[in-house]
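S.K.: Sharing a structure, written as C-alpha cells. Questions coming.
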Amino acid sequence: MTTAVATRSVPEPVADTAPDRPADSGRRAGLLLSAPFLIVYLLFLVGPLVVGIVLSFFNTTTVKSGLGGWVGLSNYTKVCRDPLFWDAMWHSVLFTLFTTPPLVVLALAAAVLASRMRRGRVFYRIAFFAPYVVPSSVVALIFLWMYTPQVGLFTKVFSGLGLPVPDFIGSTSGGWTAVTLMTLWWTFGFNFVLYTAALQDIPTDVYEAAAIDGAGPWQQIRTITVPLLAPTTSLVLILQILASLKVFDQIYLLLGGGPNQSTRPVIEYIYDTGFTSYRGGYGAAATMVYFVIIVAVSAAWYGLRRWRAADTAAPAGTAA
Amino acid sequence: MTTTIITTAPGRSAGGTTKAAGVDGPRLFNRLCATCLTLFALIWLVPFFWALATSLRSDGSITQHPTSPFAGGWSFHAYSYAWDHYPIGWWYLNSLVISLLAVVFTVGFCSMAGFALAFLRFRGRGVIIALVTAGLMLPTEALVLPQFIEYRSLHLLGTYWALVLPSIAAPVSVFVFHAFFRGIPTPLIEAARIDGASWWRVYASVCMPISRPAAATVAILTFINSWNAFLWPLLVLNQTKSQTIPVGLASLVNNSNIQYAEVMASSVLGFLPLIAVFLVFQRQITQGIATTGIR
C-alpha cells in the first residue's frame, strides 16, 4: 500500500493511451512497470559482476578512485599461483565438509520425527528455527561466551562428560569444532523447515496403506518417507553446499580466520586483499576465480538433476 | 520389535489380534521419538536461556559459580550499563530505517515487475525472465569487493541507500510475486480491463489487494535479511553511530572481554526484536522460507 505513493508518477501516462490500442498499452505498461526493478537489478546486481570482471584486468587499489593501469591476465596468474588463496579455498571446502553432513542428516531426522508427532509441531518449529532469525554477531557473542575457558557452558559440558576440552578459540581443531557447532545451531532450522514443507506434501493414504500392510513406523520411514524426500534431499544438499562455501560471518567473528589464518575462508581472503592490503584489482581476480567455482558447482547440480530426471530407470530409493 | 509383528501377521487369519499386538511396538517407537525430539529441541533453546540468565547476573558471581544461574541474585544492571556505554539506540534506529526502506521498495518494485511479467506481453519480457532467473544463481555475497568499488564511485558509501539497493535487486522477490500473480484467474483481469481500468489500476487496485500473502512473505523475509546482513554493512558503514545492530554488536566480540553480563545483555537486546517478530509471524516466515527455498 505504501509503495503506491512512491511509485505512482511512473506508470501514470499508461492510463491515457489504454482505451484505444490495448496491445500497445500492454507493451508500454509492461516496460514501465518492470523498469524500476530492472534498473536497480542491472545497476546493483549485474553491475558488481561487470565491475568485477573489468577490475580483474587492472591493478586498481581500493584506497583511491580510478581504475589504475591495465595488467592483462597477470592478476589471474598470480591468484592461481598464490598458495594463500588455495589455502583459503580449502578452508571453505573443509567447512563445507564439516557442516553439510550433520546439517542435512540431522534436519532430515528431526523433520521426519516432528511430522509423526500429533502435538507440539509449533514448538519444534519455533525451537529449531528461532536461531536462524538471529544476527550472526549475536550468535557469535553467545557462543563465544559459552566457549570461554573454565567458565563457559561448553567447557563445563565437555569436562562433565569426561571429554577432553578443546581450546575452542586458540587452536585450529578447536576452532573448527567451535565454528561447526555454532553453524549447526544457527542454520539447522532452515533445512528443517524445507524438509517439513516437503513432508506435508506426502499424502497420508500412502502411510495408511503401508500400515494396513503391516509396516511398522521404522519401515514406513525407511521405505516411504526417505525415498519420497529424495528430490528435497538433493535440493537441501546443494543449497547447503552453496551456503557453506560462502561462509564468512561465523569464522570471521569467532576466530578472525585464525589462529595464523589456519581457518580463513575465501571470502575473508578477498576481504583482506581488498580492505587490508588494498589490492582491488587482485581481489577482483580472486573474486572471479571463486565465482566461477561456485557457478560451476550449481551448474553441475542443475545438469545432474536434468540427467537424473531424463534417466527414467533411476529408482527413487538411491538417495537414502 | 516391529519386524517380529510383521512376520507373524500373515500367519494369523484374524485381523483383530495382530492389530492389538501391533499397537504396542509403534506406540513405544513414537514415544521414544517424541522424547528424543523434545530433548533435542530443548537443547536448541539452551543458548537463548543461557544468554538471558547470564545477562541478569553480576560478573563476580558468574566467574565464581559459572554453572549455577541463580547464584548471586538477578538484576537489570547489565542492561542499563550496555545501553549507556554502547550506542544501541542508534543501532536500533539505523537497522529499523534501513530494513523498513528495504521492505517498502522491495515490495513496490518487485510486485510491479512480477505483475508485468505475469500479465503483460511486451518486448524484452523473455530476456528479463532469463536475466532474473540467471540472477538467482548469482552468489552476491562473493561480489562484495567490486560492489564496494562500484558504490564508492557512485558516492553511495555511508548512506542508507547503499544497504537498501542490494535487497531491492534480489530476484527471489520478483519470483514470489510472479508465481502468486499467475495464480490469479485471468477473467478477473480481463473484466477490469473491459471496465476501462488502466494496467496501473489493475495492478494497484485489483491485484495488490488480493496479493497480501505474497506481499507479507516478501516483506517479512526482506526485513529479516536486511536486518541481519553483516558483511556488506560492515564494509559500507564506518561510523560507530551509523552502524546497524549486527555490525555494532560485532565490535563487542572479543574473547578477552570479561564483562560477561554486559555483553550478554547487549546480545539479548540484539536478538529480542527479531525473536519477537519471529514469534508473531512464525507461520508466514517458515512458509515463506519453504516456498522461496524450494523454488
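Placement of Cβ uses the backbone N, Cα and C atoms for every residue, glycine included.
Feature table excerpt (TrEMBL):
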REGION    A:1-23  region 'Disordered'
TRANSMEM  A:31-58  transmembrane segment
DOMAIN    A:89-301  domain 'ABC transmembrane type-1'
TRANSMEM  A:93-114  transmembrane segment
TRANSMEM  A:126-148  transmembrane segment
TRANSMEM  A:168-188  transmembrane segment
TRANSMEM  A:228-248  transmembrane segment
TRANSMEM  A:282-304  transmembrane segment
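Just tell me what is around each of these and how deep it sits.
M.R.: Sequence-distant contacts of the transmembrane segment (A:93-114) (same chain, six or more residues past either end, CB-CB distance under 8 Å): 121, 124-125, 128, 176, 179-180, 183-184, 187-188, 191-192, 194-196, 199, 221, 225-226, 229, 233, 236-237, 240-241, 244-245, 247, 251, 265.
Counting residues 6+ beyond its ends, the transmembrane segment (A:282-304) has Cβ neighbours under 8 Å at 49, 51-53, 55-56, 59-60, 62, 75-76, 78-80, 85, 89, 234, 238, 241-242, 245-246, 266-267, 269-270, 273-274 in the same chain.
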S.K.: Same-chain Cβ contacts of the transmembrane segment (A:168-188) under 8 Å, 6 or more residues past its ends?
M.R.: 94-95, 98-99, 102-103, 106-107, 110, 128, 131-132, 134, 136, 139-140, 143-144, 147, 149, 152, 154-155, 243-244, 247, 250-251, 254-255, 258-259, 262-263
